[in-house]
Amino acid sequence: MIKLVLIRHGQSLWNLENRFTGWTDVDLSENGLSEAREAGAILKKNGYTFDVAYTSVLKRAIRTLWIVLHEMDLTWVPIHKSWKLNERHYGALQGLNKDETAQKYGEEQVHIWRRSVDVRPPALTEDDPRYEATDPRYKTLKKGEFPLTECLEDTEKRVLAYWHSEIAPTLKSGNKVIISSHGNTIRSLVKYLDNLSSDGVVSLNIPTSIPLVYELDENLRPIRHYYLSMDGEVPEGEIPKHISF
C-alpha cells in the first residue's frame, strides 16, 4: 500500500484579511505558522516519514513545508518546487477583499467565480502591476503559459500534468511523498483521485494545514482517505480543529 500526504498551507496573511490571493506571494500569518508546526507534530506523533516533498513556488506553501519537515526532523528530505502546484490564478480579483467584491458584483457572481469548475474570473492585463510574468521564478514558462486568470479546470490541467510526469512515478517507485500546496490545487488532486464530478467538487473545502492522507493501491487508485489529528485518524466526514501550538 502507498501512502500520500496532502497539506494545504497554513493560514496566510491574506486568508486572515479575507482577500483573493491566487499567485500573489504572501506569507503565513502568526496563526498559520502555528498551524504548520501543529501539522508537523501530528505527522511525527503518528509515525509518518517522507522520502520526497513537493510544493509550489509560493512562500506560504514552501514555508509550511519547511516547518512541517523541521518539526519532524526531516529537513534533509529533497524538496521539488513547481509553478504547476501554485494556487489557482484569480486574475483581476487578486488582492481584493472577498466581501467587498461580493457587494460590488453580487454574491451569486462571486460564488460562480470561486466555486464553478469552468468559469474564469476577470483577467489581468499585461500592464497590470499584479502581472508577474517577469518574476525570475517563472523564467521557464513559455510565452502564453503565464496565466492572466484561471478556472478550476485550468488549474486541474497543469496540476495533473505535473502529477503524471513527476509525482506519480515517484510514488510508484516506493517513495513516501508529501505535497504542500494550496486549496484549489489540492481540490484538483482530490477531484482526480476520487473521480469527483464537477458538481461534487463545488462544495469541497480543504482546511489549512491539516494532513490529509490517501492510501493508494499499486496503480495509485485510492483505497481510502482521512484527515490526521494528534489522536490518529479522524472519522470520515469530520475535520479536526486546530489546537494552539
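Don't overthink the numbers, they just go from 1 along the chain as shown.
Just so you know, glycine gets a Cβ as well, placed from its N, Cα and C.
Keep in mind it's a predicted model, so treat the numbers as computed, not measured.
Feature annotations, reproduced from Swiss-Prot:
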type	residues	note
ACT_SITE	HIS9	active site, tele-phosphohistidine intermediate
ACT_SITE	GLU87	active site, proton donor/acceptor
BINDING	8-15, 21-22, ARG60, 87-90, LYS98, 114-115, 183-184	substrate binding site
SITE	HIS182	site 'Transition state stabilizer'
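Sequence features, as recorded in Swiss-Prot, placed on the structure.
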residue: ARG8; record: substrate binding site; Cβ contacts under 8 Å, 6 or more apart: SER181, HIS182, GLY183, ILE186, ILE206, PRO207, THR208, SER209, ILE210
residue: HIS9; record: active site, tele-phosphohistidine intermediate; Cβ contacts under 8 Å, 6 or more apart: LEU28, GLY32, ALA36, ARG60, ALA61, ARG63, THR64, SER180, SER181, HIS182, THR208, SER209
residue: GLN11; record: substrate binding site; Cβ contacts under 8 Å, 6 or more apart: LEU28, SER29, ASN31, GLY32, GLU35, THR208, SER209
residue: TRP14; record: substrate binding site; Cβ contacts under 8 Å, 6 or more apart: PHE20, THR21, THR24, VAL26, GLY95
residue: GLY22; record: substrate binding site; Cβ contacts under 8 Å, 6 or more apart: GLU87, ARG88, HIS89, TYR90, GLY91, LEU93, GLN94
residue: LYS98; record: substrate binding site; Cβ contacts under 8 Å, 6 or more apart: ASN18, ARG19, PHE20, VAL110
Highest CB neighbour count within 10 A among the recorded positions ARG88, HIS182? ARG88
If you count, for each of the recorded positions GLU87, GLY183, the other Cβ atoms lying within 10 Å of its Cβ, which residue has the minimum? GLY183
Look up LYS98 (substrate binding site) in the DSSP assignment and report helix, strand or coil. helix
For TRP14 (substrate binding site), which DSSP three-state class applies? helix
